[in-house]
Amino acid sequence: MEEWEVPTSLEPAEAKGNASSPIVNKSCANLECYMVLMEAEKTAIGSICFLAGPVTLLENALVLGVIAATATLRQRPSYLFIGSLALADVFASCFFTTSFLDFHLFRCSDRPTAYLFKLGGVTMAFTSSVGSLLLTALDRYLCIHQASSYKLLLTRRRALLSLLILWSANIFISFLPLMGWRCPTGLSPPCSSLFPYINRGYLACWTSFILVLLALILVAYALILWKAHRHESSMTNLQGAAGTGHARMRMDIRLARTFGLILLILVSCWLPALSFMIADVSVPLTRTQQRAFAFCSTLCLVNSAVNPLLYALRCRELRVALLQLLEKLYETGRCKKLTVDPIPGMHSVETNNCTVFTEDEMPRARTIRLDSISEMVNNQQLNTSK
């Protein structure tokens, strides 16, 4: 089996110590030239994946379940975008965790078609996640800049259409290598040093696309802050109250802190991995840089784990819907337990008190219950008179 080939002018010990120099390979059997992690690095990165993967899956699945189970949230474009973000992060937790651990920790080598299919799933998940973040930012931008006509501009149908376009485009872009845009020389240059079988031209296009999406997100939040600041300034001038200026400043600081936290986490998680991809397009990477990229790529999974906390659970309506759903599930489970194992001495009619009603059915249920009680009272009075 041919391994990485080093220049003959270097002695074996000297070549082993010079890990920071570029290494060129003529042959890479079983993709071993891409499996660069050392044992300590495998332990650290594997721990991150084993922890962040299940947490990301549970968080985003919970958000999806709440939105799907609440009719009012399903009708709102904002929560459709949040649901799209949660779905993309669910895919990211599944595809990235399994593929990354399978390749780097368990050193499983797939054939080109299987590997490109797995990589396409990971690319689709992360691209859809960033695209959903952009739609969420644009939704907030329209809500601030076009407050009077927001409901007319962004209807539920238009929101679904934008999501359909987003996911269709992302699926097409992500699976282009599988459809033929792959490295023509197997695993040799101009192949990517980070991803087997990936053409550097495709990697450059995908990285540029993600950078454009991130830039648009930054611009959208900057415009939101600018519009909010102008609006509060005009309100202060009209009211002319001293306390209002202080409240305006507090509101500006609160918005700046919220959006600053969102953007800081987004850039911190994505910029390191994108920087290595940009470098891979232009120059050959060393094995040390390959190992650093493997760690930076796990930060994208961490971003998917943080997204539900930043975008979903910060919304009061979604938190209320979550509490109502948990309460409804608790009541349903309690009623089933009472139905199966009734309390001794209690009639089976008492289990009807556990019936779970929706918000629309509650007034009607109360009316029916009051009517039944009044009928019972009237019947008892008639029996007494007789």
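Residue positions begin at 1 at the first shown residue.
The backbone N, Cα and C atoms fix where each Cβ goes, glycine too.
No curator has checked TrEMBL annotations; they are predicted automatically.
Straight from TrEMBL, the features:
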DOMAIN    59-311  domain 'G-protein coupled receptors family 1 profile'
REGION    1-20  region 'Disordered'
TRANSMEM  44-67  transmembrane segment
TRANSMEM  79-101  transmembrane segment
TRANSMEM  113-138  transmembrane segment
TRANSMEM  159-181  transmembrane segment
TRANSMEM  201-226  transmembrane segment
TRANSMEM  258-279  transmembrane segment
TRANSMEM  291-313  transmembrane segment
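Mean pLDDT for the domain 'G-protein coupled receptors family 1 profile' (59-311) in this predicted model: 86.
Sequence-distant contacts of the transmembrane segment (159-181) (same chain, at least 6 residues past either end, Cβ-Cβ under 8 Å): 77, 80-81, 84, 113, 116-117, 119-121, 123-124, 127-128, 131-132, 135, 197-199, 201-202, 206, 209. Non-local neighbours of the transmembrane segment (291-313) in the same chain are 36-38, 41, 44-45, 48-49, 52-53, 55-56, 59-60, 62-63, 82, 85-86, 88-89, 92-93, 96-97, 100, 104, 126, 129, 133, 136, 194, 261-262, 265-266, 268-270, 272-273, 276-277, 285, 319, 322; each lies 6+ residues outside the stretch with a CB under 8 Å from one of its CB atoms. Residues 37, 73-74, 79-80, 82-83, 86-87, 89-90, 92-94, 96-97, 100-101, 104-105, 294-295, 298, 301-302, 304-305, 307-309, 312-313, 318, 321-322, 325 of the same chain lie 6+ residues outside the transmembrane segment (44-67) yet bring a C-beta within less than 8 angstroms of a C-beta in it.
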